[in-house]
Amino acid sequence: MLLQSLFAWALAIGPCIAQNSTNSTWPIHNNGLTTQVEWDHYSLMVDGQRFFLWSGEFHYWRIPVPELWVDVLQKVKAAGFNTFAIYTHWYFHNPNPNTLDFENAAHNFTKIFDLAKELGMFVVFRPGPYVNAESNAGAFPLWLTTGAYGALRNNDERYTEAWTPFWEKVASIVAPYQFTNGGNVLTYQIENELGSQWRGTPSNKVPNLSSVEYMEALEASARAHGITIPFQANDPNLNSDSWSKDFYDGYGSVDIYGMDSYPACWTCNLTECDSTNGAYKAFNVIDYYDHFEAISPTQPSFLPEFQGGSFNPWGGPEGGCPENSPADFANLFYRNNVGQRVTAMSLYMIYGGTNWGWLAAPVVATSYDYSSPISENRMINDKYAETKLFGHFLRVAKDLTKTDRIGTGKTASTNPNVVYSEIRNPDTNAAFYVTIHKESTVGTREEFYINANTSKGAFKIPQKAASIVLNGFQSKIIVTDFNFGSHSLLYSTAEVLSHSIVDDQDILALWMPTGEAGEFVVTGAKSGSVSSCGGCSSVGFYPQGDDLLVTISQSKGISVLTFDDGLRVLVMDRSFAYEFWVPVLTADPFSPANETVFVQGPSLVRSAAYSSDGSTLDLTGDNNGTSTQIQVFPPKSVSKVTWNGQVITTEKTDYDSLIGSLTGPALDSLTLPTISGWKANDSLPERLPTYDDSWWVAADHMNTSNPTKPETLPVLYIDDYGYHVGNHLWRGRFEGSASGVYLSVTGGRAFGYSAWLNGEFIGSYLGAAYPDTGKLTLSFSNVTVNSNSTNILLVLQDNSGHDETSEALNPRGINNATLISSSTKNFTSWKVTGTAGKPDTAIDPVRGILSEGGLYAERLGWHLPDFDDSEWSSASPSNVSSSAGVTFYRTTVSLAIPTGLDVAISFTLKASPSNAALRVLLFVNGYQYGRFSPWIGNQVEFPVPPGILNYDGDNVIGLSVWRQEEGDESMGVNVGWKVTEAFASSFEPIFDAAYLQPGWTDERLQYA
């Protein structure tokens, strides 16, 4: 559509935007390649069926065990999501310009598409090539960060040549799994938060051709390699107005526009978000409605990334900041988005995972828990449960997919402190009143009524029950003319949870906060009764013409109401709703109500299926505690229920449910063996002048492509020499005397470095949470300087990763190395080493290029299974050497977790003293799964999943301890582990993970 005609059309219909719209008002779009996925002002449409895209993000490369992906995705599905989103990771798959790896272990992500099909979920595929994601250089391959490929994320031919092989291969891999080819991949994102379509003010529409041509090239390449599904984009904020065809049809604009938002800040350091969100106020909602109406009025309002939590930066609070986006955040903000007509939303993150190895950007440490609904250890939490209530509602609220906003900011009757937005389906007249505090940052208890318009007139509701309550940072969606199956609610002040059809009869589930009252009207019902009162009170049935008004108060428990036409209504409080599940019996992402079953009680229900004769309901899932009641609502033909393959004893109730009990493990019954039997060896022989570095790379470049030039020569930027991650070692030589050295070293936030002259320690930069450069003048006064021969300076530096976005080219290495001397300021030569393998190759293709750094222990494979440490001495990391240096500790511990249990295990690292100047790396069966810097803080627990840990077998545990200070003060690290959660589960965490844990080979010896 031409820009001029679009805006003329928009102006013509402008007054309709906040009013009911007829079916013909808004055009239906597709991309011209398929009509299977279409969209309009209201929602996406899949094969003609309107669809609320409810998604959560997870990153397969942050949980590098393919056997665990099904566990995570089953939990996503169980929470009511119909979609999940994934990023790829360019560097993970493209370790050097000549290698693409989509085959080894977790590098092969096609299993995820098979799981999506099996579970009945759509996929939003986000291949980058740049993804940000708090990943090292935003997932750029680090060989790209030298400056030789230009400024990146533009139309530079050098950059284009770099991304083309990866981009083409990804498209060809994904193409067979598209919805248009019988798969479940629904949309394909181009780039990520590239808000640079325009030069200057977006309203002037002056194209930024560098970005425009880049986007156009990415789009054309994806199409040429088989991608036919719609393209989407995610604008980074409310200000850049980039890539919407409604705003401008051309200049690289994509099919479906989206905009990302993190109203409670994407990091625990809240001040970082001030420039985007303004000064932080807890629970301060943001208006998106006007933005989408202006920028993408003929498209669904889409939030490709909406806040699911926050990452924890170096030095952040121990355990992250879940209090910034708790369960109440999910309740309030997700409902408020519905009130703004959002019909496509993906939570970032639904499961965060771990920055194992050197995946992380400098802004974040090892944990990428993100305070997500599914925790880093794969266990679900209260935010998950609250999110599930919302997800189950979305699944059955079909009329939400087409609504107009009738009004917003309306004051509730009798209480000016409560306001609501009214959205209404123009076809069915179903309405949704989304209520919040007038000041969303205020969590006071407020009682109120609303004036609701229904198909049978206007009512001040509730009519008979106690008033509606907002208690705390909460929102409620009050429905009117809510259709489910063959029934309808004229209204309900209790929130709708779910709907199922069993034996051709409707079952409706409602919920309310514990102790509150609700009122609903069942149209066409004549009478009702209480079949089971589990915490109910003040139940009343009041005929109103052809309808029946019902009042009920609900304490902890679940109550069952039965009506004259066979309708059953379950009413439960929040605590019982948290343990209420609606497994789907089909792989249809639309989850039809007649293909679901209600289950209440277990910690998790993963799947449900009926036997071929319909007499048995087979359930799988998780449960804990010594005894858990389970209640199911299956067809009358079901007389037997199995749980994880075992028949459970049940009793049939008068209202046709089956009740039984489950048994599970007591957490205190699981004990882990003590981690002991440590052996140790020196991991820094490079400090010694006798060390042979003849095989190291000569650091002799006198120029660099990097736009940031060094202060001294030669160039000592690590990426220029083919090393990129972890610890790097520089050896500089000089002749004659000097009294000291000035060093300026850059390694990213929280990095550090230490230096030795001729084998003697001269000092360290200990690092801090935010500075990325450390400048020191180190004296040689206490060490021996060879005035008549060669002196060797060793600099061991940490590299916490490359910066993101436009700062990915920021160099890592030594910016300035100047001798303090009357005769010479310069070193005669430099050499460097890092990760084992030739520069820009991966010696360990299974674990991948980001797995390990350049410490002596890593290069020689001391962290790997099968390494022979028989000649090492016994020593404990709890008391490290008094000398500054690096010591590697290693032990083997066997686990024997009982089968039938899913167990979360975390390592605990405790420094002595608590702020010891130590840099510690934790290795488990060859994987680096913890970076512990007690001087900076604050992560002390490190979850390690099965597949990395062998739950039934031996585990090689390694610990690299870099002491940055010398002296008599005792320093050490106490290493422990613990079971944090345990469930009886259908998911089996014991499997053969040998292919994920390749062992030591003598190839490593050449890197000594």
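Each Cβ is built from the backbone N, Cα and C atoms, and glycine gets one as well.
For Cys268, the disulfide partner named by Swiss-Prot from the candidate list Cys16, Cys321, Cys533 is Cys321. Per Swiss-Prot, substrate is bound by Tyr87, Asn132, Ala133, Glu134, Tyr262, Tyr370; the candidate from Asn192, Asn204, Asn429, Asn451 named for the same site is Asn192.
Over all protein chains present, the Cβ of Asn681 (N-linked glycosylation site) has 18 other Cβ atoms lying within 10 Å.
Comparing Cβ neighbour counts within 10 Å across the active-site residues Glu193, Glu305, the minimum falls on Glu193.
Here the CA atom of Cys321 (disulfide bond) lies 41 Å from the CA atom of Asn453 (N-linked glycosylation site). The secondary structure of Asn594 (N-linked glycosylation site), as reduced to three states from DSSP, is helical. Taking every protein chain shown into account, Asn208, Asn594, Asn703, Asn782, Asn879 are the glycosylation sites, and of these the Cβ with the most other Cβ atoms within 10 Å belongs to Asn208. A count of other CB atoms within 10 A of each Cβ picks out Asn269 as the most crowded of the glycosylation sites Asn269, Asn453, Asn816. Neighbour list (Asn826 (N-linked glycosylation site), Cβ cut-off 8 Å, at least 6 residues apart, same chain): Thr712, Phe734, Thr818, Leu819. There are 22 other Cβ atoms within 10 Å of the Cβ belonging to Cys268 (disulfide bond).
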